[in-house]
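According to TrEMBL, the protein has these features:
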DOMAIN    A:66-256  domain 'ABC transmembrane type-1'
TRANSMEM  A:12-34  transmembrane segment
TRANSMEM  A:70-92  transmembrane segment
TRANSMEM  A:99-125  transmembrane segment
TRANSMEM  A:137-157  transmembrane segment
TRANSMEM  A:178-201  transmembrane segment
TRANSMEM  A:237-256  transmembrane segment
Amino acid sequence: MSRGLFRGRGLQIYTWLVIAWLVVPIAVMILFGFNDTKGRFNTTFQGFTLKWYGQLFEIDALTQALVNSLLIAVLTMVIAGVLGSLIGLALGRYRFRGAALLTLVMFAAISCAEIVMGASLHSLFITLGMPEGFPTIVIAHVMFSISFVAVTVRARVMTLDTSLEEAARDLGASTWDTFRLVTLPMIFPGVLAGSMLAFALSIDDFVITNFTAGGTTTFPLWIWGVTRVGIPPQVNIMGTLIFAAGLLIAVGNIIAARRRRA
Amino acid sequence: MRTLRARLTPYALIFPGGLWLAIFFVVPTLVMLSLSLQSGNVVDGFAFTWNWHSYVDGITTYHDQIIRSLLYGLAATVIQILIGFPVAYWIAFKGGSNKSVYLFLVLLPFLVSFVLRTISWQFLLSDNGILLGPLRDAGLLPQDFRVLATPYAVIGGLSYNFLPFMILPMYVALERIDPRLLEAAQDLYASRMQTFLRVVLPLSLPGVFAGVLMTFVPATSDYVNSSVLGGTNTTMIGNVIQNQFLVNQDYPVASALSFTLMALLLIGIFVYARALGTEDVLEVAAR
């Protein structure tokens, strides 16, 4: 007997239609990276070409923006990955005074409107007279990523069996060795997932970056800046390559998970 | 000694991250509150004067944009529930061994930059673009028909951009439902509709709640969709705040408006939670 209340293919067709709707803009983005456009506006398809792939890095400001985005995302991944994992470990493993307050602050950070966080940070930086740029973007990205990493790691920690760590200690392992050789390998999938989430959140962020960037440009900020003048095909290609990289990682994950189950 | 050390361990673990959140999340919110009560200008500097006028001025000048944002956010949220629930339901109950593949397909848009996705829609919906152009040439649409610069384009963009955030938590809640509960309901002679309304729907509410939380807030405070897809009569409060902060540099009014937005969103979430009768909002949302 099949699960569920409704028979027939109606819902299945509907689901595929919604998925198609979700994918349409991506397909358009990929397609127009191959467009042999003549003018400034990449709006009508004028024939297939690979020439833009050859000229991918010809717009210096765009290339710099992409490099900035990648650097910021890597720094955010590392810093928020470590700080968030430590919080996740503490919340998942220990009961302590202040845990509820910390959870509340994290929940507020996750559900707070991005524009409010961006505006608040901007207020702080102008009040302190702190010039905005690359460092302030990293500060902001780490701030909004920490809670997501912590929640991901906490979920992993809570499923773990503490008896393994007790066994390690009974066998004479020091606290540090127990952490390094037993705890860390067990929570590592959570740490990895959380850090990757931080990378993804950082590289895509527009709103908070808009408020904390000063004169520095990231990939989304550069695109935003040229919206009115027209998007060059190089943007489509960079978007396509980021999409392809994400796709490869995700598909690799799904296949690995299936193998483990099998 | 060992017990003291054990007691201090969690604090050592949370210290660096907690400090980061305190300095760059909690303190800035207070700084913004202070800034909203200051008077002055960007040339001569600002001073704290309990200046409530920024709130009065901001709200009276921009009440249209505030109300419009709440309406657009609400409309987008309702549309997303209606579009997303059947999808979440089908994947949870009929996805079989391919559940993760379907979920992955739903999450695909997140692999493309938010701004780029919105621009893609601008391109698709443009007046002489690949959708409207041919339809108009074929005489199927009136000559002055357009989608861009209308509220429909903005609400559509908001619904599109945040839909995966709605589907995901609803899916998680639906997937947890034990199929034996459905069998039990049917054994007790409940019709399919009754089973759906009295078993599936109530059990899915925590997911719907989390989904609303994750979509209503970003949709209401967004300014990308209304900038890219909208026109002069679809300006939202996010556009005003961005413009006041980054272009006009009228910090007190800008801060007052973003504080007002934050307060409205908090009140909205609270009222909504009470109306839904959710016992422990934090508990549900944190999951």
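In case you wondered, yes, glycine gets a Cβ from its N, Cα and C as well.
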**Message:** When you look at the transmembrane segment (A:237-256) alongside the transmembrane segment (A:137-157), do they share 3+ Cβ pairs under 8 Å, ignoring any pair fewer than 6 residues apart in sequence?
**Reply:** no
**Message:** Restricting to CB pairs under 8 Å, which listed stretch, A:12-34, A:70-92, A:99-125, is in contact most with the transmembrane segment (A:178-201)?
**Reply:** A:70-92
**Request:** Quick one: find which recorded stretch in A:12-34, A:70-92, A:99-125 has the most Cβ pairs under 8 Å with the transmembrane segment (A:237-256).
**Result:** A:12-34
**Complete:** Under 8 Å Cβ-Cβ from the transmembrane segment (A:12-34), and at least six residues away from its ends along the same chain, one finds 42, 45, 48-50, 52-53, 233, 236-237, 239-240, 243
